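Q: According to TrEMBL:
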- 12-34: transmembrane segment (TRANSMEM)
- 46-65: transmembrane segment (TRANSMEM)
- 77-97: transmembrane segment (TRANSMEM)
- 167-184: transmembrane segment (TRANSMEM)
- 196-215: transmembrane segment (TRANSMEM)
- 267-286: transmembrane segment (TRANSMEM)
- 298-315: transmembrane segment (TRANSMEM)
- 364-384: transmembrane segment (TRANSMEM)
Amino acid sequence: MSSPILPPFSLLLSRAHTVTVLFILTCVLVYVTLLEETPQDTTYNTKRGIVASILVFLCFGVTQAKDGPFTRPHPAYWRFWLCVSVVYELFLIFVLFQTVRDGRQFMKYIDPKLGVALPERDYGGNCLIYDPGNTTDPWHNIWDKMDGFVPAHFLGWYIKTLVIRDWWMCMIISVMFEFLEYSLEHQLPNFSECWWDHWIMDVLVCNGLGIYAGMKTLGWLSMKPYQWQGLWNIPTYKGKIKRMAFQFTPYSWVKFEWKPASNLRRWLAVLGIIFMFLLAELNTFYLKFVLWMPPEHYLVLLRLVFFVNVGGVAMREIYDFMDDPKFYRKLGQQAWLVAAITVTEFLIVVKYDPRTIMLPIPFFVTQCWFLGIVLILSWTLWLCNFSFMLPPSPHAGRDWVY
């Protein structure tokens, strides 16, 4: 008689976690129902009920949702952010269906300080790098620009480089966003910056150094050996600590080879990725403008933290879907949600402040964008006639690095 096949330890552990979470959740609900007296405060009860509903959904998702492409530091971590994506998209849909006044006043339920119109800060004005008229501090224009956004720009582009994994795409997005700021400064005064703030402090210093540091990190990750050993099999304490730190690095490494000129599908996919990146960047500024949120508010920071965690998974799923369509027959769940969130955020901006969006674009800006679109279409047609007709390279496609 053959012995029964035992399930792997990881599967037993996963089952134990699902039962444990269900047991703890049930105990909490029983306590609230039988032992806790419900306050006679409708607003408080409504807020607590919504938070409790979200927490129950997150508990279900963390234990039951489908795993994505990332497994480190733990698959449950990425399942959590997938469920947060669902909650955030539902929140955006709710805000989208409100009137402008009700939507802005609804933000008071999250923070009573919100719901009040805020002035936009103009970063332009006196653009002299060295101001001889100011005898106290001739370099005051530079020091005035050294606010919290400088390290934020560097860190943001460092993380974006880890997400995109391509120097050219990062530089294109960085430069294109500065052109967008030039083009839209008639809509948002926040986009009005000095020329050296655009091209020296942003593109060259903050963004450029962030991209450089990100590419160096990618080079280290691609050369790093991925041979994992169980924690309890490591004899030394130093080795155990090093192994625990490496738990927060990828399990294996995939080098992204976008190859936009290899075929029409990849070319259009790269254009779509750049477009969605730029749209998500613009949403950051327009959302806080139409919902009356100051730049330093914690909700603005939480949105950025959210995109940091979901962006890498979404980009990996997009790359898999684009690179191997025969195996990945549908777009990944996180990529689908990120695209839906980006579009919904933009629709909220359009609905809440159509007057700002429809402000006439200066004629010379329209000419520049018309020329850019013509060049992109011409390049696409040229690729269709020449590059896309060539047989695919035997080296094109996925480049796995372990």
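Any Cβ shown, glycine's included, is placed from N, Cα and C.
Curation does not apply to TrEMBL; its annotations are automatic.
How buried are these features, and what lies next to them?
A: For the transmembrane segment (46-65), the list of distant contacts is 17-18, 21-22, 25, 32, 76, 79-80, 82-84, 86-87, 109: same-chain residues at least six beyond its ends, Cβ to Cβ under 8 Å.
Listed by sequence, the residues of this chain that lie at least six past the ends of the transmembrane segment (77-97) yet keep a Cβ under 8 A from its Cβ atoms are 54, 57-58, 60-63, 65-68, 70-71, 103, 106, 291, 306, 309-310, 313, 333-334, 337-338, 340-341, 344-345, 347-348, 351.
Residues 157, 160-161, 191, 193, 198-199, 202-203, 207-208, 211, 214-215, 258, 270, 273-274, 277-278, 281-282, 361, 365, 368-369 of the same chain sit 6 or more residues outside the transmembrane segment (167-184) yet have a Cβ under 8 Å from a Cβ within it.
If one looks beyond the transmembrane segment (364-384) by at least 6 residues along the same chain, the residues whose Cβ comes under 8 Å of a Cβ in the stretch are 179, 182-183, 261, 264, 267, 271.
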